[in-house]
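**Student:** The structure follows.
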Amino acid sequence: MKTELYLIRHGETTWNAERRFQGHADIPLSTDGINQAKRLGKYLLNQTIDVVYASDLMRAYQTAQHVAVLHGLKVNKTAHFRERNVGEWEGLTIDELSSRFPDWEQVSPHGGTYGVEKTVDVEKRMVDQLNQIVTNNTGKRIVIVSHGMALNVLLTGILGESQKQRIQNTSITHLIHSASSGYTLLRLNQIDHLQN
């Protein structure tokens, strides 16, 4: 039996617009982010959605609400789908980061320094939670709203190849899971709802 998954990045925040590192800081959606989330909700209105999960951080939960409400569903919040903890990098722009932490590009792929969560730990919590949700919702269509870096790590973990593409705000990555084939990617980073 096939299970469908829509992995979605949250809508834009002011920190996204300012290109600031945003890990566990609980930043709400900006006005643009709210509009993106509304467009996402309307775009998915004609799809049958059975269950909605989201990171417990405000920006992901707010985005998920715009989908769930239109389907008469509640959002199941979980800290397992949080963004990677970026430690001392929280709130910094790339220029500020480069100035204060000249080795940040060497640290970033693996983490473990400056309070940055290890990539292997992000992958474990994300993949374990996803597998549990799929097991509990076999045959259903599932929406999961999370974060850019976390989703890249998750996709690398379940597809077996490195995902380095920038995941766009409110983009949809569509996958199918079956017991025989595991996870199969159908569409990556799709933003049709933002282009109308």
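Each residue's number is its place along the chain shown, starting with 1.
Including glycine, each Cβ sits where the backbone N, Cα and C put it.
Note: TrEMBL annotation is automatic and uncurated.
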**Student:** Of the candidates Arg59, Arg82, which one does TrEMBL list alongside Arg9, His10, Gly11, Glu12, Thr13, Thr14, Trp15, Asn16 as binding substrate?
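**Tutor:** Candidate listed by TrEMBL for the same site: Arg59.
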**Student:** Which chain-mates of Arg59 (substrate binding site) that are at least 6 residues away have a CB under 8 A from its CB, listed by sequence?
**Tutor:** His10, Gly11, Thr13, Asp26, Ile27, Pro28, Leu29, Gly33, His147
**Student:** Could you measure the widest C-alpha to C-alpha distance across Arg9, His10, Gly11, Glu12, Thr13, Thr14, Trp15, Asn16, Arg59, the residues recorded as binding substrate, and give it to a whole number of angstrom?
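**Tutor:** Farthest Cα pair among residues binding substrate: 15 Å.
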